[in-house]
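The Zn(2+) binding site annotation in TrEMBL covers A:HIS271, A:HIS275, A:GLU301. Taken from TrEMBL, the feature active site, proton donor/acceptor covers A:GLU272.
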There are 2 protein chains.
Amino acid sequence: MSARDNHQAEDLRRLRELLAEISDLNAATALMHWDQQTYMPEGGIELRSQQLATLSRLAHERLVSPELAELLERLEGSYDPSSEEGALVRVARRDHERAARLPSRLVAQMARAASEAEPVWVRARAASDWGAFAPHLERLLELKREAAEHLGYEEHPYDALLDLYEPGARKSRLEGLFEELKAGILPLLRSIAPGGRAEERSAPLVGDFDERAQEEFGRAVLTDLGYDWSRGRQDRVVHAFCIDLGGPQDVRITTRFDPRRVDTALFTSMHEAGHAMYEQGVSPSYARSPLAGGVSMGVHESQSRLWENLVGRSRAFWEHYYPLLQKAFPGSPLERTDLEGFYRAINEVKPSPIRIDADELTYNLHVLLRFELEVAMIEGRLAVPEIPEAWDAKMEEYLSVRPEKAAEGALQDIHWADGLFGYFPSYSVGNVLSAQLFAAAVRARPEIPDEIGRGNFGPLRGWLSENVYRHGRRYEPDELIERATGAPLSAAPYLGYLREKFGALYGCR
Amino acid sequence: MSARDNHQAEDLRRLRELLAEISDLNAATALMHWDQQTYMPEGGIELRSQQLATLSRLAHERLVSPELAELLERLEGSYDPSSEEGALVRVARRDHERAARLPSRLVAQMARAASEAEPVWVRARAASDWGAFAPHLERLLELKREAAEHLGYEEHPYDALLDLYEPGARKSRLEGLFEELKAGILPLLRSIAPGGRAEERSAPLVGDFDERAQEEFGRAVLTDLGYDWSRGRQDRVVHAFCIDLGGPQDVRITTRFDPRRVDTALFTSMHEAGHAMYEQGVSPSYARSPLAGGVSMGVHESQSRLWENLVGRSRAFWEHYYPLLQKAFPGSPLERTDLEGFYRAINEVKPSPIRIDADELTYNLHVLLRFELEVAMIEGRLAVPEIPEAWDAKMEEYLSVRPEKAAEGALQDIHWADGLFGYFPSYSVGNVLSAQLFAAAVRARPEIPDEIGRGNFGPLRGWLSENVYRHGRRYEPDELIERATGAPLSAAPYLGYLREKFGALYGCR
């Protein structure tokens, strides 16, 4: 071994050590967040937020440290880019640069602005008072525009923000994707719900559904899907989430229960289990390194959507599970509902002003609206006071519904109050990609749909593990998608899926 | 303000900042430990132990850092020793020196030796095989003797180890204390249990006791005692503990349930709540500083024992609670047992070879035995292969019982396998101090016993908060005891309490 090789091996060892330290600090932060949402006593909030600030700062200091910068500098180009070592250096460099480009003064300003904005947003939403929230949004936008300049971009400042969630994404490409979605979805929606109204189908989902029975049924389903309870757990929270605690060995999910609805906890659980199976499926050797975790928000969301919608809202799935569900809730409205009625109920198309209540067909129109407004806001074409009106107009245009008040319109989401701009498009990337990956899986293993109908998810999970999960962040998102599906991100499989499914459900194919 | 004052204020600010950072890292470690014992999935163990190692290392690096050393050096003598600032500098200096005196090589060796010894001890205990454990104990003793030399002592190497748990304690003083305990307890025990056998009284405690009812009753009692649920919570574990997560704002307890016994969970909970009320009672301004938490293991244990024994096993307490307990378990043996029978049952004296099964009267004899053996081990007067025989001989001498096998003798406790030497005496210091503090509280507020009989613990808790809890680590243990009780640590109140209580219970006053 040459002296140069020796130095290189030592640099790589030290890089791994430093990255593991950052991962461990982030895992402590993640555990503190998890605990805060699940079990922490209320009196601990202030103390916890100070502890979180310290731990985040220590992780950030390491990520932007000159030592890490120099190691990455020296190791740059030392490894075949297609090797694991090459990927580690590339991903670490990306994380380092994203963090190092933002002045710590700006990071602190953004954190403070968001923490000041959030409680104001809560009150403003309760009172439907856009004016109260507006100055905070103004400030956050200003800081985000500044951040975009520091982060850098080739085409458009919005690209710099997108890139935080979707590495390599461009506004220009997303515009094309959304145009395709709009052109495919709007005619379908109009034939199903002319004037924004469709037949009511979801009545059988409402009734008294014992929470313990819901929990038991959900756990059985998640076990069948392949969520590994020996490396995870499920707890109750107000807003469901999935969180990894440093590697695929501990990936936890949460859910919420509505005793009046049979579908809330179940689909929430399948959604979070989709995220979790992705993280659990990452190569165990990537634990405590930046290669662990999902490669982008969009790919992550593709997995929650795939398991929630393409599996969980499919007829094949319920051919197996519906008799079991009926048995789990004796005396409920399900007793008087046949499989077809239930399948129609969980796939009801119902334009609503509220994104989180949206069905599969209308969901992307909510995202499109936010994407268009965000771009206009970042460009300065849309002034903050005019947002509610612009929002309502687009809502009417796309969904033929009009929010009755700002709480149901531009104030409905927490994202902007948290300073998240460029985040919404990932939801649509996830939807689109869920169908593209599912189609590729079925091409490779044609038995998948039949096996789902038997409650056997092994072939689907196996294909996803092999082609997506195990790689973690090893490949760029675009490369991962190409490798897995043989094509770049494309709306065609998703639109085909929507047309076939909802065409059949509403007789308008 | 002079330039010197300015520097001093800046040094103090930086000291507080650094200490808060250490506290936050320790709190993250504490949360990881809590999670590991309560909710962590089994698959996360290996990952968690690596994360714990990193976080502990980062805290330790800060504690021994030259920056902290220099700040303490400069601030030494700057503040009135009786002021809070003076106390902060003194306590931080103590923690710093304890940590800095041990070479990190030795710290790592001790950690490795303990982590290797523990699983061996588990197997050795299961097989009652002292020989398997002996080489590990040998190694741990050797490292501990070395540690004592590094830590330093005036009289005896054992003092250096004691000081880790009981700041300022000396073997020579403890010998006097234990002589007094032995002289007071042995004659009492022999008149109650001649030849190691006493009348069986605990039968009414055994039966079917619904766990949910146990939990509910226990929670109600803890609420009455004054455990603050808004700054804590209770979870189930195999081995109960109390843990603070960085300050009095989040102090959690755990317990275990035995559905066949009515007393296990309740007294375990009261014991842990005693620890927790101490930590919750610390001045909130001490959060995130080394002034938070208990001043010594002995004072900490005095609070668990006080609430478990002096309150929880008193007749006054059960005058109020026994009718409620009977109502909570309809159809149980309690229905056929009167208050006096129950009071006799929970105070049964029954010499046993097992420390954790010991009653109030015999408990200190178990500690005495360990103290004597530990001193002999550290001095090298007792060779490791001879420990079981020495153990059994002392057990016979003090308790008139003989362990049937090493699992019930020298292998019963995990402490030595964890490298804990000098720790056991704190249990007896706690017992002794619990009675001394209780007596002082009753002198100051004579209504306390009657109020306990009414289920009102406010006066007792109020006195303890005022005289012990709120001070955290502000005073040295000896000073705290003197301030609170007007006298140094003394066995007299404890022996008086035992004589009166057990004399009356067994008619041998």
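Quick reminder: no glycine exception, Cβ is built from N, Cα and C everywhere.
Everything TrEMBL records as a feature, shown here on the structure.
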residue  : record                             : contacts (Cβ under 8 Å, 6+ apart)
A:HIS271 : Zn(2+) binding site                : A:ALA240, A:SER304, A:ARG305, A:TRP307, A:GLU308
A:GLU272 : active site, proton donor/acceptor : A:ALA240, A:PHE241, A:CYS242, A:ILE253, A:THR254, A:THR255, A:SER304
A:HIS275 : Zn(2+) binding site                : A:CYS242, A:ILE253, A:GLY294, A:HIS300, A:GLN303, A:SER304
A:GLU301 : Zn(2+) binding site                : A:SER426, A:TYR427, A:VAL429, A:GLY430, A:ASN431, A:LEU433, A:SER434
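The record gives A:HIS271, A:HIS275, A:GLU301 for Zn(2+). Within 8 Å of the mean position of their Cβ atoms, the other Cβ atoms in that chain belong to A:CYS242, A:GLU272, A:GLY274, A:HIS300, A:GLN303, A:SER304, A:ARG305, A:TRP307, A:GLU308, A:GLY430.
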